[in-house]
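According to TrEMBL, the features are:
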BINDING   HIS16, LEU18, GLY43, GLU64, ASP89, ASN105  S-adenosyl-L-methionine binding site
DOMAIN    23-188  domain 'Ribosomal RNA adenine methylase transferase N-terminal'
Amino acid sequence: MSSRSRRTAAPSSGVHLLSDPRVITALVSAARLGAGDLVIDFGAGPGAITEPLARTGSRVLAVERDARFVADLRRRFGDRPQVRVVHDDLRTVRLPRRAFAVVANIPFAVTTPLLRRLLTPSSSGFSRAELVVEWGLAKRLTAACPRDAEAAWWSCRFAFTLRRRVAAGCFTPAPRVDAAHLAVRRRPGVDRRVSAILWALLSTVYDRPAAPARRSLRRVAPRLTHRLLGDRPAAAITPDTWLTLAKTLAADRNVIPPGGMP
Ligand SMILES: C[S@@+](CC[C@H](N)C(=O)[O-])C[C@H]1O[C@@H](n2cnc3c(N)ncnc32)[C@H](O)[C@@H]1O
């Protein structure tokens, strides 16, 4: 162990550091980063993910809230100009306008607030992510048919892939539940107009998720909704089907989506 790593701050309680190098390698290599890329390591801790990210040649923003970890990170990466340590909260830190990727293992309690920021259409240049998330959330986001409006809104615009289960023993200290390596990629062809139509459709039908979705949409293209949705309730319809419906409606210039999209 180097004198540098001996000075590393002990994790505060509730902080589960990734200690299995195979998981870290899988996260970083799946992001396919290289020179010219910008990547954010949210909740960088002592830098277990920051280090291999820096070796890809990309520019790295290591965002961390804990002052002791920030001091460690600044000592460890101070001589590497491509790494910037940002002492801030991932829920409020300003996101870059230029395209960026995310590779991170963040506390499970802030995964949903971070996803809300990254997956909002008005958001910045978010392009893709390789994340460690709670197993249950990964299963929910990769279900064939989203169970609730938010999961549907995200899954119609982004493809979620469950790459592998990450056992609790891969962290120090081990959390109470297993985690997952989850990939997030933008779906092609989902511009603001398609997004606005998706938002209008999903926020209407998920008001009554057990009712036939077509009934909630009765004023929307009845023949098309009949063909695509049949009599299925919202919670039995795949993101691909919603996307086909939204793209077909978006191609019709007479369709004016209501406002209110986040
Ligand atoms: C699960 S640890 C992961 C640390 C490191 N990435 C790893 O994998 O070993 C989560 C880290 O996120 C930091 N953190 C927690 N909440 C945060 C927030 N709201 N904004 C920024 N960092 C946060 C913690 O201080 C901790 O260092």
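Yeah, the Cβs are placed from backbone N, Cα and C, and that goes for glycine too.
On the 0 to 100 pLDDT scale, the model's mean across the domain 'Ribosomal RNA adenine methylase transferase N-terminal' (23-188) is 96. By neighbour count, meaning other C-beta atoms within 10 Å, the densest spot among the binding-site residues GLU64, ASP89 is GLU64. Across the annotated binding residues for S-adenosyl-L-methionine (HIS16, LEU18, GLY43, GLU64, ASP89, ASN105), the two most widely spaced Cα atoms sit 20 Å apart.
Listed in sequence order, PRO107, PHE171, THR172, PRO173, ALA174, PRO175 are the same-chain residues six or more apart from HIS16 (S-adenosyl-L-methionine binding site) with CB atoms under 8 A from its CB. In the three-state DSSP scheme, GLU64 (S-adenosyl-L-methionine binding site) falls into the strand class. Its Cβ placed at the centre, LEU18 (S-adenosyl-L-methionine binding site) has 18 other Cβ atoms within 10 Å. Taking the Cβ of GLY43 (S-adenosyl-L-methionine binding site) as centre and 10 Å as the limit, one finds 21 other Cβ atoms among all the protein chains shown. Within 10 Å of the Cβ of ASN105 (S-adenosyl-L-methionine binding site) there are 27 other Cβ atoms, across all protein chains.
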